[in-house]
Amino acid sequence: MFCEFAIIGTTASGKSALALQIAQEFSGVILSLDSLALYKQIDIASAKPSRKELASVKHFGVDEIYPNENFSVGMFFKIYERAKDYALNADCPLIITGGSGFYLRSMLSGLAPDVPKCDKALSNDEIYALAARIDPEFCAKFSPNDSYRLEKWYQIYKFSGAVPSTWLRENTSEPVIKELAIFEILWSAQAIRERIQRRTQAMFEAGLLEEAKFLFDTYGRELKPLRSIGLKECADFFDAKISREELASLICTHTAQLAKRQRTFNRSQFSKIFIGEPDAAREKIKGFLKNQAKRP
């Protein structure tokens, strides 16, 4: 029975493990939303599923390209279409999971055209004041402290000369997914910190430093995926800028900061069917799939 749904959550929340369990039990396939797992050879730093796990369940969005190859959201849409076609032909569930909420939001809301960056001649307060005058729709959705959104709004305004909210409606492509059940795994901040610490230690034991050295020796250090959390700190360690203890601490700190940003993004961008810890989410998803199986 084909259906599609998403399991989201912060980094180290256990969403990939839950997706794997559900896929094994219901003969499903997985589409990864992880922006680092896309890359071949970045296995430990991306917390990619093991080779055994990848062999047990068909995955899309994992090991798609090499670190020195370009990637875009449009390319991700094509991977989604491949995954959906496969699941339709196999008549099985498609489980979408990972931490890159931007990919998921783009599939649900459509993809806006790229807008060139411009010099930000105004402060955030000045941009927000301008938006309040000409684009109250934007101000109703976003905080005056949201620097990223304010900069994007200003870029669109300078590029188009139009009201950004109106311009986006007129120029954004149609969503590739019209409706999607979304389940979010949520832990307390303390629980996530502890999970991050355990995962970071496991990454070192699995050979994170050796993987980082191989990647830097092969590709240099300037490629975007090689400046991700877990790798950028290794570069500082190799340069003797930080100690081994500081290396682990910084990776944990930066990962926890990422988790906080992901939680904020998920809360503001998606309507969920369920929010809770993995065991409760598992039961909700099983109920959802059983209901899907009953549909004519």
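Just so you know, the numbers here start at 1 and follow the chain as drawn.
Every residue, even glycine, has its Cβ placed from backbone N, Cα and C.
From the options 26-29, 34-37, 270-273, 286-289, the stretch Swiss-Prot describes as region 'Interaction with substrate tRNA' is 34-37.
For the pair formed by A12 (ATP binding site) and S100 (site 'Interaction with substrate tRNA'), distance between Cα atoms is given as 13 Å, rounded to the nearest Å.
Here the Cα atom of T11 (ATP binding site) is found 9 Å from that of S100 (site 'Interaction with substrate tRNA'). Within the model, the region 'Interaction with substrate tRNA' (34-37) carries an average pLDDT of 95.
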